[in-house]
Structures are given as C-alpha cells and as structure tokens.
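Only one structure is covered here, and it is reproduced in the block below.
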Amino acid sequence: MSNGGNAGKKSSSYFHFTAGLGSGILSAVLLQPADLLKTRLQQSNHASLLTTIRELSQSPNTIRSFWRGTVPSALRTGFGSAIYFTSLNALRQNVARSNLLRTIGVVDAKNGPVHSSSLPKLSNLANLTTGAVARAGAGFVLMPMTIIKVRYESNLYAYKSIMGAGRDIFLTEGFRGFFSGFGATAIRDAPYAGLYVLFYEQLKKRLSHIVHSVPQAEELVENLGVRKNMKGSTSASINFGSGVLAAGLATAITNPFDAIKTRIQLQPKKYTNLVMAGRKMVGEEGVKSLFDGLGLRMGRKAVSSALAWTIYEELIRRAELAWKGEEVIV
C-alpha cells in the first residue's frame, strides 16, 4: 500500500476493513458522551452545556445516561469506518495505479520527501474527491443505523431499546424514515471527509518535512531509531497531530449542515428538507442555531478522527511489515 500500483499487493481489503472496524468502534465508545451531549444541544433552542450535563448527572444511572446509544453508535461508526477506509483505499489505489486525475498531479512519493504514512500519495484534488465519494457511499449504507442512533440518544423519544426504536420508525414513517436527512448528511459528510483527507495529507507532509529539516527534530528521530519510513511513535505522533488539526478545520466549515441534519432526523415533520430546515432555524433562532454543538462536535471530531486514522494507519503499517517479514519498530 505504499505508493502506486504495487500497493494493492501488499495488503488486502481485509486488513483495511478490520483496521477501520477496530479504530471506529474504539473511538465511538470512548467519545459517546460527547456525541450524546451534541445531539441534546442541537435538538433544543440553545440549551446550555452545563444544564444538559446537570440533567444527565441527576439521572438514576449516570454512567448509563452518558453512554446511552453506545451500541448503535459503535456499530454505525465501526462498520462505517470499515466500509469507508476499505472503499477509500480502493479508490486511492485505483487513482494511483491508473494515473487518474493526472492533470492535477499524482504525487511520486518515491522521489518525494519522507512521509509518516504508508498510504498512497495523491494530489490535493484526488484526496478531496476520493475522500468525499467514499464517505458519501458509506453514509448511505449506514443511514438507517444513524437514524436509530440519533433518535435513541435524543430525549424527544421514549425508546426503551434499539429494536423498539427501529420498529417504531418503520411503523410510523415507513422505510423512508430510515433515510430522513440523508441529503443534509451527505452534504455534511462528503465535504467533511474530502476536506479532512485534503488537510490531513497536507499537514502530514508538512509536519514530516519539519521533523526532517529541523536539526533538533532530526536528532530526536535518529535517537528514537526511526529511519526513512518514520516508523513507530514519531509517525503516529505526526498522524495524530495532523488528524486533530484537519478535523478541527473541516468540522468548523461543515457544522451548519450537521445542525440542520440533526433537526431533520429528530423532527422530520417539522423540518421536511434541507433548505426549509435551514431557513426555519435561522428565522426562528438566528444564525447561531447553525453552530449549536460546534464546540462539542469539533472536540469530538478532532479526537475521534485523529484517533481512528492514527490507529488505522498504525495497524496497516504493522500488517504490511508482518506481510513483508520485517521487524515492527514501535
């Protein structure tokens, strides 16, 4: 999976699916409280974060209240990440192998600078496009689980179980109810994923260059025993830092679509489509309503995306080294 056409021979889609599944589930479980708080904030008219936390803390089972909806969230994020990373890798491999989008320059990593990643190196437009397409496809497949997750986390519905939530949605809204807000979700997720991959790859390249251009950093790398491929903790640190910054930027740009999407999924009868929902929210609550939950979403996305991508890249790196029979340097 390192650069270009031989990448697909070095690791199968199985590795990408498994790595994506594991990283997605782990990040979802750890960050479920932040996701639940974001949903509660976006469903109401500017309820404060402290008030929401206080209400959850006063429930009979505090831990269970904060981790409500963990199962659908873990399933959605886990399998969503698995599908996303698998399809993203396939798209990136095909672009690199067949020289698609060559007019805007597929990067030749063999002659390029040292990089913290073993994944294909593509141009900015290729990174933006493949990230957006892969996320839109994964989002459509996982949309029913997303609807159940959001409804189950919300206090607008008194669902006792995940199965009960799914049954009620089907009986009251039909099969179409499982895809409420897909337009807003796709408009949010596709640009977010595309921007994230674009920012992430650029930041990794720049941070890798800094590490090997600054004498002190170069000395530190040598002391760690890290060679040209930047294996081990240095690579993981660069990937994580790049992920945090990339997620923060992409989240801030796409948050209005996330706020609109949540309203459509929670109250589909009141907010029937993307345009109407946006106008209604701004008209009744002001522009600020489009940025409800931004702080929580930015914090959660920064950590979850960075964590998922760092774990994913590390698992793939180790799988490739094991595949080639090389020693794994941590």
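Placed from the backbone N, Cα and C atoms, the Cβ positions cover glycine too.
The feature repeat 'Solcar 1' is assigned by Swiss-Prot to 11-94. The annotation repeat 'Solcar 2' is assigned in Swiss-Prot to 122-206 on the grounds of sequence analysis. For 234-318, the entry in Swiss-Prot reads repeat 'Solcar 3', with the evidence type sequence analysis. The transmembrane segment annotation in Swiss-Prot covers 17-42, 69-95, 128-153, 181-204, 238-264, 293-311.
Taken through DSSP, the repeat 'Solcar 3' (234-318) splits into 75 helix, 0 strand, 10 coil.
Proximity of distant same-chain residues to the transmembrane segment (293-311), defined by a Cβ-Cβ separation under 8 Å and at least 6 residues beyond the stretch ends, is recorded for 19-20, 22-24, 26-28, 30-31, 34-35, 37-39, 41-42, 49, 77, 81, 196, 200, 236, 239-248, 250-252, 255, 258-259, 262. In this model, the repeat 'Solcar 3' (234-318) carries an average pLDDT of 88.
Secondary structure by DSSP for the repeat 'Solcar 2' (122-206): 71 helix, 0 strand, 14 coil.
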